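Reviewing the structure listed below.
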């Protein structure tokens, strides 16, 4: 090959595989080596890559540094496409995920190979350091010992100590945690069921007897212990004799419900109430005598005052209800003791409402049967009450 052909310039089109830069056109000579071409590329290419970081690929072939371009390039081509690949010196875009997988792989391989000998520990540490991974506080990477089970704290003496409250979420379940976890869930279920049972009892008897504060404060102050028998609870003192308010509305938590719609009425509500009363009185006035009109007004006023709580008509039933309240209190205490014993022994109540007594129990008489006068008065008062709008409910005593 003559000297003119060797010194003739050729055109190379440098293409980047990541498409970060546009294709660059470089003029060189056939007598150049690949190493000289790399140095020229490091000067003219936009990213200024180092020569040792460059990899040139031509027609699917990796070009070595000692090769000359005349031995590689095809003579019939006018433009020669060369792909430039540069080794990245910057850290990867997602080092957290890579380190996580690398640490997981190294931990699993260390746990498998730590049994035969401890002589491979320096080589593993050197390999981990070369990969850019740092194991801080990991006994498997520093001392070559088996890692402690997940969710177990290591004592200074080397004895495993299980954490309180069971294993954390997402961790693998260890066989030693199964009894502890089942016991912990059983205690939580028992406490929740105990609180719900007391709330239901307080809501059921709130209309007749005020709930005892000692029973409602029991679960919050002293949790149920599995190995200690529950102390017997003495009968609570009988509540004071006071009339119960039958118009109390109860909410789901067992307390009196505050109805904002009844307490905060606007002028439209009052206008509607007055118009209903005026229509009723006008009908009675025009279609009856004056005496009947006065009687209806008096009856309406009496019923309204009764609903407002000024004239209670159930004073004769206060003492029987107080006695029934004391009897119900003793029965509820007995039911509480029975339920606590069943929860302490870990027995679930599958028989339904086992604490309720039947109507044939001689110690628990049936409810008070109203007389003829009470039934007649209830019928008449209910009839007139349905015609008169109700007033706002009174607060609990």
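Glycine is treated like the rest: Cβ placed from N, Cα and C.
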Stretch carrying transmembrane segment according to Swiss-Prot (options 230-250, 251-271, 272-292, 293-313): 293-313
The annotated region 'Disordered' range in Swiss-Prot, which must be one of 314-343, 344-373: 344-373
Averaged pLDDT score, the domain 'Ubiquitin-like' (10-89): 82
Tally of residues which DSSP labels helix, strand or coil - the domain 'Ubiquitin-like' (10-89): 17 helix, 29 strand, 34 coil
